[in-house]
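Read through the structure below, which is laid out as C-alpha cells, and then see the notes.
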Protein chains: 4
Amino acid sequence: MSGNTFGKLFSVTTFGESHGPAIGCVIDGCPPGMTLSEADIQPELDRRKPGTSRHVTQRQEADRVEILSGVYQGVTTGTPIALLIRNEDQRSKDYGNIAESFRPGHADYTYWHKYGVRDSRGGGRSSARLTAPVVGAGAVARKWLREKYGTELMGYMSALGDIAVPFEGWEHVHANPFFAATGDAALLQRMEEAMDQLRRDGDSIGARIDVVARGVPVGLGQPIYDKLDADIAYAMMGINAVKGVEIGAGFASVAQRGSEHGDELTLEGFVGNHAGGVLGGISTGQDITVSLAIKPTSSIRVPRRSIDKAGNPATVETFGRHDPCVGIRATPIAEAMLALVLIDHALMNRAQCGDVQVATPKLK
Amino acid sequence: MSGNTFGKLFSVTTFGESHGPAIGCVIDGCPPGMTLSEADIQPELDRRKPGTSRHVTQRQEADRVEILSGVYQGVTTGTPIALLIRNEDQRSKDYGNIAESFRPGHADYTYWHKYGVRDSRGGGRSSARLTAPVVGAGAVARKWLREKYGTELMGYMSALGDIAVPFEGWEHVHANPFFAATGDAALLQRMEEAMDQLRRDGDSIGARIDVVARGVPVGLGQPIYDKLDADIAYAMMGINAVKGVEIGAGFASVAQRGSEHGDELTLEGFVGNHAGGVLGGISTGQDITVSLAIKPTSSIRVPRRSIDKAGNPATVETFGRHDPCVGIRATPIAEAMLALVLIDHALMNRAQCGDVQVATPKLK
Amino acid sequence: MSGNTFGKLFSVTTFGESHGPAIGCVIDGCPPGMTLSEADIQPELDRRKPGTSRHVTQRQEADRVEILSGVYQGVTTGTPIALLIRNEDQRSKDYGNIAESFRPGHADYTYWHKYGVRDSRGGGRSSARLTAPVVGAGAVARKWLREKYGTELMGYMSALGDIAVPFEGWEHVHANPFFAATGDAALLQRMEEAMDQLRRDGDSIGARIDVVARGVPVGLGQPIYDKLDADIAYAMMGINAVKGVEIGAGFASVAQRGSEHGDELTLEGFVGNHAGGVLGGISTGQDITVSLAIKPTSSIRVPRRSIDKAGNPATVETFGRHDPCVGIRATPIAEAMLALVLIDHALMNRAQCGDVQVATPKLK
Amino acid sequence: MSGNTFGKLFSVTTFGESHGPAIGCVIDGCPPGMTLSEADIQPELDRRKPGTSRHVTQRQEADRVEILSGVYQGVTTGTPIALLIRNEDQRSKDYGNIAESFRPGHADYTYWHKYGVRDSRGGGRSSARLTAPVVGAGAVARKWLREKYGTELMGYMSALGDIAVPFEGWEHVHANPFFAATGDAALLQRMEEAMDQLRRDGDSIGARIDVVARGVPVGLGQPIYDKLDADIAYAMMGINAVKGVEIGAGFASVAQRGSEHGDELTLEGFVGNHAGGVLGGISTGQDITVSLAIKPTSSIRVPRRSIDKAGNPATVETFGRHDPCVGIRATPIAEAMLALVLIDHALMNRAQCGDVQVATPKLK
C-alpha cells in the first residue's frame, strides 16, 4: 500500500529506477485462458520507447520485455504475470551535477526531504522511464478488453504548447512523431520547427493529450469514491508531469447550463456526450473521453536558481538526454492507464453483478 | 472494495440513500488521544447543509450528527468512529415521475443498467446528500491535521457559470451565500440575479471551485500511482458533478515553457507555485492548490427528451427541490475531501518514515 | 485499513463499543437484486444473543437490528447495507473496579499500552458483544450463498472443557443450550452440572467448536497468501478468545503418512476428506471443515494478581455479567465468519473466472 | 487483490512458477535508510534451499537472489525492492505423468477446475518453491525489526510424524538437518532412520513446527479482524501444507479454566504466557509463540487412485524430486512469515500512534 500498486482486481505493482539493473511489474489478477506472449506487449512498448525521433530523448533503450511467469504454453494461467525490462543505456555520469542540488520543478527536492536518501541517477524512481512497465501491463489489459468486450483505446496530442492540433482522424496519429490526429502538413511542419527551436533554446514545453475508450460496457464504476471517472482522474494525474484532467466537457461545463450539458436520450441512444461516457460515476456505454494537461519537462539546459543539499544557493543546468516535450510520448501511456482502469472496473463489475449481466448488450 | 471506502489508513466508509432512514459513515484509523465531540463536526455540516439561502435546495434537514462510537470521555480511542445523520424531510412523492424514466445527465440510466434495481427517491445513493457524511469525516480529519501540523483547508467559488469571481481575500468567503472570496457588492448582486433568473427558467449552471491547503508537511505522497496529486484528483473527481481537476497551474501548463513553469528555489523558499505544492507526487510544503469544474445540476424543470425503462420515448421535467447550482455547496465538500487525502498521506508517511521525521520542519 | 473491515469484495466494517450508544456494521459489496429484510437477519442474532440460558451472560439485550440503507422495496440495491443495533442494558458501573487495573488474560493491558486511552466499560471494543454485527452481516452472506449455490453453514460444540461431545446429528444442535450435536441426555446433564459448578466457583472454561460449510463451489480461493484456508484461519483466529484453528485433519496431520492423508479420487468423488475441503488453498467442492479452540473467559470472580495503571500491585475480581464459557455462544459466530470468507471468495472467483464458470457444476 | 500480495504497509507481491524462467517478489513499503545488500538475504535463502541433506528434495538450485531495485549505494530508498531468483534445475519431463491426472492431496485438481488451465511442471505456482521469495522478503523484514526493536525470530521442529522432539535449546537447531532443538543423539538418529525408511517406502510424513518472536514491542495488532494473532494465523495457514495453527496454549486452552489460563501480572511482568504474547489481538511484549501442523507431502511414489482430466479412473505415482517431509524446510519459512506479519503491524502501529510511542519501552 506504499503506492506502487495500481488497481484492486487487476493489480499492477511496478518496481525499478531509471539507472538500476532493471524495471518491471507484476500483474496480479489477469483472468486465465487468454493467449499471451511478448509479441502482444512489445509493440506497445515500442510506441512509447525513447529515441524514435529527434524530438524525444536520445537515450537508446530496446525496452525488450520478458514475461517471467503467469503464462504457460502461450496462455495466461490466472497467476501473476511478471514483466521484466533490463536497463541498458545508463549514462549515470550525466547526472553527477544534479546529485547535490534540486532541479526546479522536479521531484529532487521532495524525494530528498521525504526519504532522506535519493537515487539521483536519471531521476531514479521519478523518471518517466517508469511508465514503460505500465505500458506493458496496459497491453495485457487492452488485449483482454478487446477480446472480451471489443473495447479499443486511442489517444492523440491535441495541443503542443500554444499550438492547437485539431482532430481530423485516427488514421493520422501514427503518421507523424507527435501522435497528432492531423494530416495538415503545414501544421505538422510548424510543430517540428517549434520543437527544433526549443532544443536550440535548451527549454521545454507542455502539451495536451486526449484519450478515448470505445466499446466500453455499460455499468462500469461505483456510485461513491471509486467512480469510474474518479479512478480515471487518479490514473491520469498519476502520470508523470500531468497537472490537469478533464472528463467529457471538463472545465467547459462551468459555463454550461443544465439544459445544454445534460445529454438527452432517444431510442437511437444519447444525443451528444458532454458526460464523456460517465454518469454518476458509472459508464454509459458511450465513448469515454479524457483530456490531460502535461507540464513542460523540468530538466532543461536553461540555467535556473536553486539550492543544494547543504542549503547553499546553486545554479542548475541539466545536460542529460531529456524529452523537450514529455507530452509527446504520453499518448500511449495515457491509453495504457485508461485500459488499466477499465479492466479493473470490468472485473469488479462482474464480481458484483455476474458475468452474464456485464456481457449483455445495453441500449446503444 | 466496492468503492464506498475512502482512504487506506484514515478510512471513511459511507452508507445511506437520500430518502432512506439515515446516512452516515464509519471512520477507521483516527489516531487515539484527540478530543472530539459533535461540536467539532456540526459546524462543518452546517456550512454544507441545504436550505441556508434561496439559491440552494429548500429541503429542510437539520443534518444533526451523532457520534455512535470511537470516543470515550471526549477523547478518540483509536477505534472506529461512526457518525449517524437521520434523514428527516423525505418527500419521496416528489420523485414518482422520475422513477420510470431517466433524467438526462443523471445517474438514473447507469444505475438502472448496472444494478437492475434503483432507489429512485431523491436520486438514492447518487444524491449530493451523500456528501454530508464526508463533510463530517472531513471535520475529524481537519481537527487532527490542525492540531498536529497546523494545516488549514480553505476554499472559494472562482466562477459561477460565465461570471468569473476574483479572489480578494478569505474574509469574504463566509459573508455571502456563494463562498465567493470577494467583497464586490456589484459582482455579488450580479451573481444573485443570475441565480434568480436560473430559478425562473427552471434551469441550472456550472461553477468553478478553488481549494487551498496551507501548512502541509513536506513529504506527503508516493512516487508512483498514489501520488498526492493523483489521490487529490481521485478525491475531487469523485465529488458529485465534478468534470475536471487541476493542480497548481493546471491546464495553463500546456502553453508554458519549462523555464517559466518550474518554480525556482532560493534560501527563502520557492519562487512561485506553478506546481500547486506537489512535485513528483510528493508535497513540497507550499500551499496545495486545486481547482474543480462542476457541471450544472441535471435535475431541471426544462423539459428534456429521454426514454423510459420500458424503452419508450419520454419527456422528463424534474420538480423536486434541487440546487440550481450544485457548485455553491461544493466548497466545504472539496475542503473535506482534501483533508481526507492529506490525513491519509500523513499517516502513511509516518508509517514509512516515522513520526519524528514528519514533524521536523523543512526548508521554508 | 486499521483492521475493522473484513473482506475485500463483500466488505464488512464494524463499529461500536460494549457500552456506547450503538454497535453495527456497514456491508459494502452485497450483490444487487436479493430480497432482504430484518427478518432475514434477526434470527441469526437471536441465536447469538445473551440471556438465552442460565449458562451465558445475563445481560439483557434485544439485539434488534435495523437496516439503514442498501435495501429498496425489499431488495438489495448494490449499495452499502448499514446495520444498526442499539445498546440497551449498559450497567457501566459494574466495570468501575476494572477501569484502573488490568484483568489477567484480557485486552485491558494491551489496549492501554497501545492507545494510551481505553473505554473500560464492559471491555469497550474488545467485548464479545462486537460479534453481533458480524453475525448480522453473516446472515446476509448466508442468504446469498444459499440462494446462489445452495451453500449451508452449520456448527456445533465438540468439547466443553475436558468433556468431549461427539457429533451425533445436526438435529440435536438447537435442542440444548450448548449447540451440542448430541441427544445423549446424560452427557448434556453432565455439561449442565459442569457449568453450574463453574458459576459457583466464579471460574470459566474453554471449548472446542466445529464448523462445516456444505455445498461450496469448486474453485474458491487463491494459490498464494489469500488461500481459502488462510482466510478461514484469519477469520476464526479473529473471533474473541480463539487460540487455535484447524482445517480438515488439522494437527492430526502431523502423525499421518502421505498415503493416509491424501484423499484419493474416484469417479464417485473424493474418498475421505482429510483436506477439509481445501487443496492448494482452493475449495474442492467437498465439505469445508474447521475446528476452533476457544480459551476460557478472562473475566472471572476468582481473585487474581495484577497491576494497576499507576504500576502498583493489584488484585482483580470481576463482578460483571460474563459468560463462564464464551465458547457456548461462539458457534453462530464461527458460522457467520465462515460465510463471510466464502462469499468474499465467491465474488473474487467470479471476478477472475466469470459467473458462468463458477456456476457450472464440477465433479461430484 | 488476487491474493499474491502479503501485507498492507510492508507489502510483498510474489510471482513465478516452479519451472518457469524465474521466481521473485516485489517488496513495497520498506522504510528508507536501512543498509541492505544481497548478503543480508542470501543466508536465509540458503537455510531454506533444497538439496542440503538427503532428507529433502535433491533438486539443485543455488537460489541466488538479485536485488533489482529500491537500494542505492547500499541503502534502501523507500521505493519497491524487487528480488529475482532464476530457476536453474528444471526437469520438467519428470512431471509428464502428472499433467493429465490429479495427485491425491494436491492442488492439481482445484487449479484445474478453477482456472481451466494448469502449469503442471513441478506443481507450477503451488510448488513449495514459491516460498523462496517469501523467505527473501522475510530477511529484509527481520533486518528492520532487529535494528529497530531488537526483535528476533526463531523456530524449530517439535514433532516429526509421531516422534515428539522436545525443546532443549536454540543452540541445537542448526546442528542437525531437521531444525530440531535437541542435542539428543539417539533421538536424532531415530529421526534419520524414520526418514530413510520413508524414502524407501516412497511415502511421506507430517511435522509440527514451533516459532517464537522475541523482543516484540507492546501494542502491535488491531482490536477486531486484523488482530495480530488473526494475521499470524492467516500467514501460517497460507504456507504450503499447513493444516493447523495455534497461538500460545492453543488447543490446550479448551480444557483450561480461566483461573489457570489467564496470565497474571506482577511488577516483574507476566507470570506465564498461555496467551502466546497476544491479548485482545494486540501484542503484550512477551514472546509470541506459534505452532503449526504440516501435513505429509502429497507427491509420493506409493500408487494411489485418482481420475484424469478426461474423467477416467487413473493410478498416480509421483517420481519427481520431492521432500518426503515438507515440514523440514518449513522452519525458516514460518519465521519469515512471522517477520512479515510483525513488520506490517509495526508500521501500522506507528501510523496510528506515532513513532515515539512505539519506541517507548513498556512494562517488563
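Glycine is no exception: its Cβ is also placed from the backbone N, Cα and C atoms.
Over in TrEMBL, the protein carries these features:
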BINDING   C:R48, C:R54  NADP(+) binding site
BINDING   C:R125, C:S126, C:S127, C:N240, C:A241, C:G280, C:K295, C:P296, C:T297, C:S298, C:S299, C:R321  FMN binding site
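All features noted in TrEMBL, drawn onto the structure.
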residue : record               : CB count, 10 Å
C:R48   : NADP(+) binding site : 24
C:R54   : NADP(+) binding site : 11
C:R125  : FMN binding site     : 32
C:S127  : FMN binding site     : 22
C:A241  : FMN binding site     : 24
C:K295  : FMN binding site     : 30
C:T297  : FMN binding site     : 28
C:S299  : FMN binding site     : 28
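In the three-state DSSP reading, C:R125 (FMN binding site) counts as helix. Taking Cα separation as the measure, C:R48 (NADP(+) binding site) is nearest to C:A241 of the binding-site residues C:R125, C:A241, C:K295. Among the binding-site residues C:R48, C:R54, C:R125, C:A241, C:K295, C:T297, the ones whose Cβ sits under 8 Å from a Cβ of chain B are, in sequence order, C:R125. The shortest Cα-Cα distance between C:R54 (NADP(+) binding site) and any of the binding-site residues C:R125, C:A241, C:K295, C:T297 is the one to C:T297. Checking the binding-site residues C:R48, C:S127, C:K295, C:T297 against chain D with a Cβ-Cβ cut-off under 8 Å leaves C:K295, C:T297, in sequence order.
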